[in-house]
Amino acid sequence: MGDGGTPHGALKPRLELRGITKAFPGVLANDKIDLKILPGEIHALLGENGAGKSTLVKIIYGVLEADEGDLLWNGVPLRIASPHAARKLGIGMIFQHFSLFEAMTVTENIALGLPGRQNMAELARRIVEVSNNYGLPLEPHRHVHTLSVGEKQRIEIVRCLLQNPKLLIMDEPTSVLTPQEADKMFETLRRLADEGVSILYISHKLDEIKALCHKATILRGGKYITECDPTQETSKSLAEMMIGTNLVAPEHVENATRGEVRLKIRDLSMETSDQFGVNLSQINLDVRAGEVMGIAGVAGNGQVEFLEALSGEVLSQDPANIQLDGKPIGKLGPVERRNLRLAFVPEDRLGHGSVPEMDLVDNAFLSAYSQKKLLKAGFIDRSTTTAFAEEIVQKFDVRTAGVSHTAGSLSGGNLQKFIVGREMLQDPRLIIIAHPTWGVDAGAAAAIHQAIIDLAENGAAVLVVSQDLDELFAISDQIAVIAEGRLSVNRNIREITIEEIGLLMGGTHGAGERKEVSSVA
Amino acid sequence: MLLKIEKRPEPSRKMVYVTPVLALLLTVVTSMALFEFLGVNPVEALRNFFIVPINNKYGATELLVKATPLILCAIGLSVGFRANVWNIGAEGQLTFGAIVGGGVFVYFHDVDSVFLLPIMIAMGALGGAIWGGIPAFLKTRFNANEILTSLMLVYVALLLLSFLVHGPWRDPDGFNFPESRVFSDSATMPVLLEGTRLHFGTILALLAVFGTWIMLAKTLVGFQVKVIGAAPKAGAYAGFSQKKIIWFSLLFGGALAGIAGVSEVAGPVGQLLPSISPGYGFTAIIVAFLGRLHPAGIIFAGLLMALTYLGGETAQINLGLPVAVTGVFQGMVLFYLLACDVLVNYRFRFNKIGKVTS
Amino acid sequence: MSGVEWIIPILLTVITAATPLVFAGIGELVTEKSGVLNLGVEGMLLVGAVAAFVTATVTGNYFLAVAAGALAGAFLAFLFGVLTLSLMANQVATGLALTLFGVGVSALIGQDFVGIPVDALPKLAVPGLSDIPVLGPVLFGQDALVYLSLFMAALVSWFLYRTKGGLILRAVGDSHNAAHSIGYSVIGIRYLAVMFGGAMSGVGGAYLSLAYTPMWAENMTAGRGWIALALIVFATWKPGLVVVGAYMFGGITILQLHAQAAGLDVPSQILSMLPYLATVVVLVLISKDESRIRKHAPACIGKIFHPAA
C-alpha cells in the first residue's frame, strides 16, 4: 500500500497547501494557510474550536472550494472539485460526526463510499480481510445502529483503507473512544504510516498529538501560526500556541467537608424510547451539597436517557428512584422539579436548551417563568422577563447586540453562557449540566468552568455529564462512569487514574463493582 | 456556482413583510400572462377581478361576507400550524359544525326563542371541535398522522351532510330537493347593515382574531404553542406537554371552523344544502400562510382571498373567464409565497470567482 | 350467475380501482425513500388526469395521452422540487400548495372537456389465454397500464434493493448529511426521485380519466392522492406492500358498487365513506406501533437539506 518505505526521507511533500483562504459570511475561516505533509508522516492539525481546522480539511477533501490559494498533490498543482475527486487521488477522510447510514449494513455503508458497482458478497469478504488485517474487526452484515461508536469508526477507517489511500484525514477521531480504544487505533495509524500513508490528524488533545504525531501545524482564529515538532514541545507550550495566551486553570479549592446529600438516585432503571438508545439499569448515586459530581463516559452509553430522567422529561417508574433533599421527585415533571430548585442545562444548545428562532427574552422565559414569577395574572410579564434576560447577558458576559436578537444568532460559546446563566441565576440547589463546554471556545469554556466551581462553593450540588476527561478532571470533586446504561461507583477525583476510568468507560467491570459496593453502602 | 444561497444569521424581519407583497405581485404578473393567453385583456381582467367587485357598498359588504368564514378557519388553522400540527381538515370541521349547529334548527324549527341562535353557534363550535378532536385523539393516542386523518374526515363530513339533506333532514315541503328547511328568523344571523348580507358572523370572526392575538402574544398557552412548534425538545425541556398542545390546537381550530360553518348556514346560505362551502376550509390554508400565521395578517389575507372569489364571479359574468381562474390564482399565491419565503431565512449572494489553480 | 363467474366483474373492478393507487403509491414511495415528503399527490393525479384526457380527446392517441399525463405530473413535481429543494420551502406546506394549485389548474384546463365521453383504454387480449375461464379475463385481458403498474412496482423494488443507484437513493433518504459528505449530490438525486414520483402520479391520473371512469370531471380523484400517501405508511415503505394495500383499497372502493347491486339497503353516501374511514382505521392500526414506523420511515423524510459548509 502507498509508496512504501521511508517515512520521513522523501523530500517531495505528498500534499502542500499555499495561502489557502476561505471566507464565510462574517468570518474569515481560513486566512492564508500553509501546510506540508510528507509521505508516511503523521501530521497534526492543532487548534481550538473555530480555529478553521474543519474548513481546511473540507477544502482538502473537496467538500468546500477555497476562495484563494494553491493546493499541490505530489508537487502538481490541482483543484479538488468533489469528494469523489479526492478519493480518486487517494485521499480518504474519517469524519468526526460519522458519515454513516444508521439503517444500513456495514457492507452497504462501505459500498456507498466506493466508486462504481460492487459485488456485495465479494465486498463483504474484502471487508473481513482488510479489517482483520489491521486489527479493526467488523461483521459486514450488521446494521450500523446496532454497533458501538468505536465499531462505527472502524467502518469509516476500513472504507478508506479499501481504496488504498495515500493520505488519510482524521477529524477528532478519539473524541468518541475510550483511552484503551484510542491506543489501539494509534497502533493501526502507526502501521499505516510505516507503510507510507500520510495521515493528517486533527485534534485539540495535546497528549495524544505528542504521543502520535511527527509534525504539527497550529491554527488559531483561522490563521496559520506555526509548524513544530510536537515531541519537542510540552503540552503547555502547545496549548499556549493554540490558544495564544497563557492558560489559567480554574481555581478549585477542594471541599474539606462534604455537605448533606442533595440528590439521591436509587435503583433507577429505564427503558429507552429511542430505537437507537440505551436502557438504564439500576443506577445509584448520591450528590452532596457543595460538590461537583462528574459523570464520564463515551457518548451513546445512556447519557441521554440518564439526563432525561433527571430533568423530568421522562418520568421514572417509582417516585423514590430520584430524590431531591429527601423528597421523591421521580414522577414530577420539569416545572415541578424546577420549583424545587433543580436547574438543568441540556446537551443540545439549539433546539433543546433554547428555541433558536426566538429572541433571548423568550428564551429567558422558557425555563425560568415559574421560578422567576414571570407570569402576572396569567399574562406574560414582558418587562420583568426582559430585565431578567438582560441580567443574564450582563452577569455572564454574553456577547450579543441585544436581548431582542434570536438565540440562533449567538455563537456557540455565547449561547452556552446564556443558558448556563439562565439556569444558575435561578438560584438552584441542584444543577445538572450536560457537556458544559462542548464546541465552545476556550474563553467561554473557562468562564463556564469557573461559574460551575463557584456555584458549588456557594453550596449547590452540581452534576456534570461530559465526554471530555480533561474537563472533568479540572472541575469535579467526584467522578463516576456511565457505560452501557450502568453507572459505576463514584470515586474521589484525586484517587482515580485515567486508566481506571478508561476501563470503566469500556464497560469491563463497572457494573459488577457497582453491585458489590452498593450492597455495602 | 455563481449564485449562492446563504443562511442568514437570523431571520429577516423585513422580509417577513416584504415576501407576501412580492408573492402577490408575481401572482398578478403571472395572471396577466394567463389572461392574455385566455384571450382577455389583462388590464380589463384585473379590473374586473380586483376593483369592480368592491366599487360599491354592497360589493364591499360581500367581501366581508366571504372573508368571514375564511378568517375564522384560517385563525384556527394558524394556531395549529404554529404548533406544527398540520390540520388540513378545516373544510370537514366547518361542515360538521354546520351539521351540528344547523341540526339544532332542524329539530327545533318551531321554537321561536332568542336562545336558539346562540345555542346553534355553540353547538356549531362543539361540532367543529369534535371533528377536530378526532384527529387529535388518533394522533395523541395512536400516533396517526393528523394530515391524513383530518383530510379523510373532510370527505366523511361532506358525505354525511349529503346523506342528511337527501334523507332524514330533507325539507318535507321542499319538493324533494336535497335541502333542509329554510332557517327561521330566530335561527338566522342578524344582518348588520340593512340591504346587505353582512351578518353577525363577521363580528365573531373579529372577536376570534382579537382573542387569538392576545392568546398568542401574551399567555402561557400561546407561548407553549410557539415553542412546541419551533423546537419540540425545548418544549419538553420547559415542561410543556406536546400532547396537550396537539389537543388544544385541533379543538381550537375545529371550534372556529365549526363556527364558520354554522355562521354560513345560518347566514348567507340560510339552510343546509349538499354543498355549503366553495372550499373555504382549503382556501383558509392559503389565508393562514399568506397572513404569516399572524391574526392581523390573516385579516388582510382573508379579505384578499375573498376578493378572488368575488373577482372570479365578476370576471366570469363580464368577461366570460372561467371560474376556475380563482383556484389557479389562489394556488399560485401560495406557491409564490413559499418560494419568496426563502428570503426570510436565506439571502442570495454572488460568489467571487475563486482564484484556485487548476 | 353460476359457479365462480360472479367474481370476475368484482375482480376486474378491483383491479381498475387499485391501479391508480399503485402508480401514485409507487411513485411517492420513491420520492419518500429519497427523504422528501410530497403531499401534492392529489394535485399531480388531477393534472395528470386532465392532461391525459385532453390529449386523448384532441389526438386520439392513447400513448401520447399517457405520456402527457406523466409529463404533467413530472412538471408539477419539478415545481415542488424547485420550492422545497432549491428554495428550501417547508415540504408539508408546499405539498398542500401543490394540491391546491393542481385542483385549480386542472379545473381550468379541463373546463371545456367536462362531460365529453372518450373510449376507454383498450384492453389487451392475449390470444388464447384471455379466453381461459375466470383467470383469463382477470390475468390476461387487462389494459396496458395495469400491466405497466405492476411492472413498475417490480422495477422499483428491484432498483431500490438490488442496484447501487437504489442504495444511493436510500442513503440520501437515511442521512442527507452523510451522503453529502461522501460526495453524493443530495439535491440532484432528490430532484430525480421527486420527478419520478410526479410522473408516476401523472400516469395514475391518466388511468383515472382514460380507463377508470373514461371522462373528465373537476376533482375527480376524490382524495385518492391522499389515500396513496396513507398506503405508503401502511406498507411501511415497501413496494410490494404498496401493491397489496392498493388492491385492498381498490376492493373497499368498489364495495359500494357491488353492495348496491346486491340490493343492500345502505345509503350510498354511507358506503362512499368506506374508503376514507378504512384509511383512517388502517393508519391507526399501523401507526400504533410508533417504533415500527420510525424503524422503516426514511430518517430524513421532510427535513430540509442545506449544504451549509
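Cβ coordinates come from backbone N, Cα and C, glycine included.
Caution: TrEMBL annotation is automatic and unverified by curators.
TrEMBL annotations:
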- B:21-43: transmembrane segment (TRANSMEM)
- B:63-81: transmembrane segment (TRANSMEM)
- B:88-108: transmembrane segment (TRANSMEM)
- B:114-138: transmembrane segment (TRANSMEM)
- B:150-169: transmembrane segment (TRANSMEM)
- B:198-216: transmembrane segment (TRANSMEM)
- B:245-262: transmembrane segment (TRANSMEM)
- B:282-307: transmembrane segment (TRANSMEM)
- B:319-339: transmembrane segment (TRANSMEM)
Request  = Run the contact check on the transmembrane segment (B:21-43) against the transmembrane segment (B:88-108): 3 or more C-beta pairs under 8 Å, excluding pairs closer than 6 in sequence.
outcome  = no
Message = Counting only residues 6 or more past its boundaries, what in the same chain has a CB within less than 8 Å of a CB in the transmembrane segment (B:245-262)?
response = 68-69, 72-73, 75-77, 79-80, 82-83, 85, 87, 90-91, 93-102, 120-121, 123-133, 135-136, 139-140, 146, 150, 201, 204-205, 208, 221, 224-225, 228, 235, 276-277, 280-281, 284
Remark   = Residues outside the transmembrane segment (B:198-216) whose C-beta sits under 8 Å from one of its C-beta atoms, at least 6 past its ends, are 61, 64-65, 67-69, 71-72, 75-76, 78-79, 82, 121, 189-192, 222, 225-226, 256, 259-260, 263-264, 267-268, 294-296, 298-299
Interface check, the transmembrane segment (B:282-307) with the transmembrane segment (B:114-138), three or more C-beta pairs under 8 A = no
Task = For the transmembrane segment (B:319-339), could you work out the same-chain residues 6 or more beyond its ends whose Cβ comes under 8 Å from its Cβ atoms?
result = 19-20, 22-24, 26-27, 30-31, 34-35, 38, 40, 44-45, 48-49, 279, 283, 285-286, 289-290, 305, 308-309, 311-313
Message = Please report, as numbers and ranges, the same-chain residues at least 6 past the borders of the transmembrane segment (B:114-138) whose CB is under 8 Å from any CB of it.
response = 87, 89, 92-105, 108, 144, 146, 149-150, 153, 157, 186-189, 204, 246-247, 250-263, 266
Remark   = If one takes Cβ-Cβ under 8 Å and requires six or more residues beyond its ends, the residues near the transmembrane segment (B:63-81) are 53-54, 87-88, 90, 93-94, 196-199, 201-202, 204-205, 208-209, 212, 215-216, 225, 229, 248-250, 252-257, 259-261, 263-264, 267-268, 277, 280-281, 283-285, 287-289, 291, 293-295, 298-299, 301-303, 305-307, 309-310
